[in-house]
Amino acid sequence: MFSFFNGKRQTKKNMKKEQNSSDQPNSNTKYPGYIDNTLSTNIDIIRKRTGNSSDIVFRSLKIGRNPEIKTAVVYVKGMVDSQSVNDFLIEPMMNNPALQEKIIPQEVLTIITEEVVALGGVKPVNDWDELFGSLMSGNTIIFIDGVSEALIASTQGGERRSIQESTTYVSVRGPKEAFTESIETNIAMVRRIINNPDLWIESMKLGKMTKTDVSVMYINEIADKEIVKEVHKRLKRIDLDGILESGYIEQLIEDQTLTTFPTLYHTDRPDAVAGNLLEGRIAIFVNGTPFVLLGPAVFIQFFQSVEDYYERYDIATAVRFLRIFIFFISLIGPAVYIAITTFHQEMIPTQLAIIIAAQRESVPFPAFVEALIMEITFEILREAGVRMPKAVGSTISIVGALVIGQAAIQAGIVSPAMVIVVSITAIASFATPSYAVAISARLIRFLFMISAATFGFYGLILALIMLLVHLCSLRSFGVPYMSPIAPFIPGEAGDTFVRKPVWAYKERPRLIATENLIREGKDQRPQPPANRQIDNQNQNIKKGDQNET
Amino acid sequence: MKRRWMFLFLMLISLLFLSGCWSKKELPELAIISAVGIDKNEEGKFVKTHQFINPNNVAGGLQGGGGGQGPSVSVYTSTGDNILEAHFRASTKVSRRLYHSHANLLVISEEVAREEGIQDILDAFERDPEIRTTMTIVIAKGRKAGDIITSLTSIDRIPAEKVNKTLETTEKMFGEHIKVSIQESISILESSGRELVITGFRQKGDSEKGKKLENIQNSELDATLEADGLAIFKEGKLIDWFHDEDARGVVWILDKVKETNVNIDWEKKKDAIAYQVIRQKTKVSADVKNGKPAITIHVRAEGDIREVVVPVDLTDPKVIANIEKGLGKEIEKELKDSINLAQKNKSDIFGFGETVQRSYPDAWRKMKNNWHDVTFPDLKVNVKVEAFIRRTGLRTNSYLSQMEINR
């Protein structure tokens with residue numbers, strides 16, 4: 001049935017495409033496929049194609065003696081590094097002695113390439129499509145009258161955000177730098193961490209209109225070749241107008257779309273990317289966003305933070321437990337409160353039951369409605385807080401604090417106990433290290449509240465079981481989402497709820513890096529000196545040697 | 001795909017059959033019962049007295065200062081031929097659903113306990129899924145159970161709470177009363193070798209004044225509730241009350257004493273030295289010789305000297321040893337007195353029968369039927385007490401010794 005629908009839809013699309021393509025040749029016929037040998041024609045073609053856009057700079061130059069040869073330098077303002085265009089391209093072309101002699105146009109290209117232009121990448125081009133592609137991505141084009149070829153000089157540059165601290169994944173200990181919007185910078189930042197030729201990068205341009213640079217990065221010896229192939233296959237499938245953020249790609253290549261849980265990990269920290277590459281994962285860089293995708297992702301990964309590995313293991317383990325506890329609070333906090341106060345009052349200590357009963361005495365709504373009101377109020381505040389212009393932010397927090405904290409209680413709409421529950425849940429939902437999982441927990445929380453309000457703890461447990469079944473059914477590039485817990489892999493359980501000492505990480509995750517599993521040498525565990533006596537003797541010798549009197 | 005939908009379908013279907021604790025009930029829709037009293041009226045019907053918590057008056061001043069105005073509890077009574085009927089009759093008077101899960105006190109009037117016995121009452125409480133069998137039972141001594149239930153109390157604003165906490169504290173600190181739950185009473189009632197002991201509670205003062213809010217606005221209450229004596233049962237019926245040392249002897253033999261104080265005479269001065277037991281262990285063992293059972297009680301008590309009103313040299317080990325010996329005798333006497341009293345009542349409240357049964361099940365089968373009436377009253381009981389003095393408080397010798405030397 002599925003394929004039947006697909007087929008039908010595709011034919012429709014194809015029809016549209018054909019219509020489109022029958023339209024397009026009209027605009028295409030404005031210029032031929034290859035570069036003309038007269039300069040003015042070429043410049044006219046560019047003018048027409050770009051609709052006389054004002055940010056395209058045409059700079060005419062004359063080189064050679066008897067006859068002078070007309071040339072033109074074309075680039076897009078703001079996209080190029082204007083200093084290198086001026087100093088290493090225009091200036092040498094005007095002043096270089098090699099161009100002041102009598103030359104024939106056919107030789108100009110080689111002379112410019114070999115003697116004049118002091119830039120890293122210069123190559124000839126005769127195809128308009130390629131020419132426009134590189135012009136629009138910030139390269140400079142040199143046209144020479146009488147030559148049906150042009151030169152592309154790589155002058156990409158322009159203003160960009162500099163490397164700054166991460167604001168989404170903050171850590172106390174560890175590198176502070178975060179990715180920027182520039183893909184070259186981002187790739188270089190990872191290369192700076194992993195100085196190894198085995199760090200492989202494959203690039204492609206995605207998006208019909210945007211032609212966004214997308215790079216796939218992995219460590220050749222470690223990453224599973226099948227998964228690399230699969231990533232390629234899925235990326236190649238993408239046929240969209242534009243890729244504006246890595247989120248587009250995430251949604252297009254994930255295994256399962258009917259889930260609130262993220263099946264690809266994203267981060268803006270180079271050290272997180274490096275760590276995941278070393279575990280055999282594959283990184284997808286997208287130009288224009290600091291967020292890099294990592295796959296295959298597993299559920300427990302969203303509770304790990306890079307800092308876990310920088311701290312000592314006992315502390316990191318305690319923090320892991322705390323995070324999972326926090327996740328459960330943010331998932332079932334209000335649901336448990338609803339279940340207890342509407343179904344299982346006998347479970348509350350008498351004193352507390354009396355206090356809650358007294359608080360709820362004046363509240364006209366059932367606990368579920370009360371919880372729903374508070375939760376929605378909180379969601380409104382949160383959303384407003386995120387989207388508001390910063391200048392208005394303090395207003396929101398004051399109004400929010402008054403509305404939630406005080407007025408709602410005094411008006412008798414909600415009870416103080418409910419405010420506590422909702423506040424703790426709200427704080428808990430922000431304490432999860434991964435925002436992606438926190439959002440999905442926030443959404444599922446409402447389902448839990450409904451099930452708790454209809455069936456009490458029984459419904460709550462049932463919903464938890466269904467959630468577990470759902471989580472176990474998820475895959476990320478074929479890797480079970482709940483691994484290494486389900487399926488249970490004893491060797492890797494040390495990086496789930498507990499974080500074992502760094503010297504005990506003997507193997508890489510075997511479902512992700514399928515071959516080349518050995519990660520560290522033997523006897524990595526540090527030990528005190530085997531024989532203290534020898535140590536003391538050494539110290540004595542040192543004492544004698546040094547002028548200790 | 002098909003399997004998953006099948007699974008979901010089965011789960012949803014199971015919801016209908018595994019309904020569990022179905023009924024949804026909001027907290028404000030509940031009338032939370034804190035204590036239940038059982039009396040009998042002139043017509044011979046059961047009178048059930050419910051003590052409901054008024055959450056607003058207990059939680060106090062939470063919402064706009066409305067709290068603390070009225071009484072912390074409200075009491076409704078209902079009658080019926082049996083407990084359940086009385087329970088359902090109460091719904092004609094109470095606007096909310098009666099909720100028993102937080103009730104932790106059952107008061108039975110002395111009259112009912114003496115005439116009817118408590119075995120007719122407990123089944124209804126044990127059977128109800130909402131009622132906890134960890135509820136404490138007390139006997140309303142000399143009064144109606146309703147008087148205990150209606151009496152308002154200070155400090156602990158819920159009377160049921162006050163009774164429970166008083167029992168807990170006094171059992172721990174003084175050892176003349178014990179806290180007995182429904183569960184425990186039922187298991188003792190079932191046992192053939194043991195009889196029931198339940199603490200009595202007495203309302204001191206005017207019961208009408210006890211109901212009024214003014215009662216708790218005095219520094220000294222017009223009507224107070226206090227633990228008073230142990231009710232001794234025989235075959236489920238109350239037959240006698242034990243007080244003071246006799247009561248403590250019972251608690252001691254049941255090995256429920258944690259801390260208590262024992263006074264001994266010294267150099268002809270009465271109750272001159274006060275000894276505080278801080279830990280004790282009582283072991284009861286049985287012996288059957290020629291078909292005749294004998295019980296040995298071994299008490300090992302440790303404690304401090306807490307009060308001395310005669311000049312006595314507490315630095316001298318011999319004196320300490322003498323005091324220890326004296327203490328041993330005092331405790332022994334106390335235990336023997338309460339055993340004698342129980343034997344007179346022909347009620348084996350100590351569970352000696354159970355001890356015999358455990359050690360000599362064959363011999364027990366023969367004496368089981370006339371244990372309480374024939375064997376127990378003439379039972380030979382050896383009491384051995386070892387008392388140890390561990391410390392003498394912050395002082396060794398009292399200032400009294402110094403005064404005597406200086407004089």
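Even glycines carry a Cβ here, placed using N, Cα and C.
Among the features that TrEMBL reports, region 'Disordered' is placed at A:1-33 (among others).
Taken from TrEMBL, the feature compositional bias 'Polar residues' covers A:21-30.
For the transmembrane segment (A:282-303), same-chain residues at least 6 beyond its ends with a Cβ under 8 Å from one of its own Cβ atoms are 178-183, 186-187, 190, 212-218, 223, 227-228, 231, 235, 243-250, 253, 261-268, 272-273, 276, 320, 323-324, 327, 432-434, 436-437, 471, 474, 476-485, 495-497, 509, 511-512. Summarising the annotation, TrEMBL assigns transmembrane segment to A:282-303 (among others).
According to TrEMBL, the feature transmembrane segment maps to A:324-343 (among others). Long-range contacts of the transmembrane segment (A:324-343) within its own chain (CB-CB distance under 8 A, at least 6 residues past either end) are made by residues 303, 356, 360, 366-368, 371, 374-375, 417-418, 421-422, 424-425, 428-429, 431-432, 437-438, 441-442, 444-445, 448-449, 451-453, 456-457, 459-460, 463-464, 497.
As annotated by TrEMBL, transmembrane segment applies to A:393-413 (among others). Counting same-chain residues at least six beyond the ends of the transmembrane segment (A:393-413), those with a Cβ under 8 angstroms from any Cβ of the stretch are 362-365, 370, 373-374, 377-378, 381, 384-385, 419, 422-423.
Marked as transmembrane segment by TrEMBL: A:419-439 (among others). Long-range contacts of the transmembrane segment (A:419-439) within the same chain: residues 168-169, 260-262, 265-266, 302-305, 323, 326-327, 329-330, 333-334, 337, 371, 374-375, 378, 382, 404-405, 408-409, 445, each at least 6 residues beyond the stretch ends and with a Cβ under 8 Å from a Cβ of the stretch.
For A:446-469 (among others), the entry in TrEMBL reads transmembrane segment.
Look at TrEMBL and you will find A:516-549 (among others) tagged as region 'Disordered'.
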